[in-house]
Amino acid sequence: MAAGQNGHEEWVGSAYLFVESSLDKVVLSDAYAHPQQKVAVYRALQAALAESGGSPDVLQMLKIHRSDPQLIVQLRFCGRQPCGRFLRAYREGALRAALQRSLAAALAQHSVPLQLELRAGAERLDALLADEERCLSCILAQQPDRLRDEELAELEDALRNLKCGSGARGGDGEVASAPLQPPVPSLSEVKPPPPPPPAQTFLFQGQPVVNRPLSLKDQQTFARSVGLKWRKVGRSLQRGCRALRDPALDSLAYEYEREGLYEQAFQLLRRFVQAEGRRATLQRLVEALEENELTSLAEDLLGLTDPNGGLA
């Protein structure tokens, strides 16, 4: 890979930052879904990451996933030194402090205590923070699997419009003195961003898809086609489902070894549905499949393939 202007392009890696509020009254996934809070939450994340890791040239958000009650931020690192700086800020608590400060201001709370987790692939980096070299190796091994999400570009445009609108009213002391106050008054004065898909839909390959709880047919389709990758999908689902966290997957593999891969995969989703109830949705499964390069299985679940193997 060719070096960029600052030599950062030679070193590129990816990680996932899990952010969850410890306050029952603050659910970050809900706040990010709210049209009038979304820009403020994005701005808070962006500001905290810039403070702890550097400019978007070296630390970029690729996508923000909602996984009730968490937000999962996919990060792209360009450059070993900026990544090391981010890891030190994470280890020393500077990133947590910056996020808590920014999110409290964005959501009009006195404080928003946070629980954070950092993962690179299957590695939970929180347990490895004392070994920075190993953390860097884990992040480097996870090459970004996507370009920046279009939704984040739209939020960036909305934020830029918001800043321009505030600058044009620089004589208004109330606006200028509280740039991180709840965005409702400011957003009403500027052109809002394009509305997100309704809460009951999600985007798949750029198209809105109706979200719903997983059905028995979904579980059967998944179990029939996923094969050996059921454990990888389980690793993705376990981030937002405590019932699937270690050693649950190993237990499933052992308990249903005689029955084979179909039963192991079926029982994985059965446990997911039992634990999450109506929150065990099609969207969460499809995102886990996409993360593990199982797009064709996602298309089967969504009914987007015809019997001849082409797109419906």
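Cβ coordinates are placed from backbone N, Cα and C, and glycine is handled just like the others.
If you look up Swiss-Prot, you'll see 147-163 marked as motif 'Nuclear export signal', on the strength of similarity to another entry. Feature annotation from Swiss-Prot assigns region 'Disordered' to 170-195. Residues annotated as domain 'Death' in Swiss-Prot: 179-289. Marked as compositional bias 'Pro residues' by Swiss-Prot: 180-195. Residues or ranges marked as region 'Interaction with KRT14 and KRT18' by Swiss-Prot on the basis of experimental evidence: 222-289. Taken from Swiss-Prot, the feature motif 'Nuclear localization signal' covers 231-244, and the record attributes it to similarity to another entry. Look at Swiss-Prot and you will find Arg235, Arg245 tagged as (Microbial infection) N-beta-linked (GlcNAc) arginine, backed by experimental evidence.
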* Structure fact -> Model confidence for the domain 'Death' (179-289), as mean pLDDT, reads 81
* Structure fact -> DSSP, reduced to three states, assigns Arg245 ((Microbial infection) N-beta-linked (GlcNAc) arginine) to coil
* Structure fact -> The rounded CA-CA distance in Å from Arg235 ((Microbial infection) N-beta-linked (GlcNAc) arginine) to Arg245 ((Microbial infection) N-beta-linked (GlcNAc) arginine) is 8
* **Tally of DSSP helical, extended and coil residues in the domain 'Death' (179-289)** => 64 helix, 10 strand, 37 coil
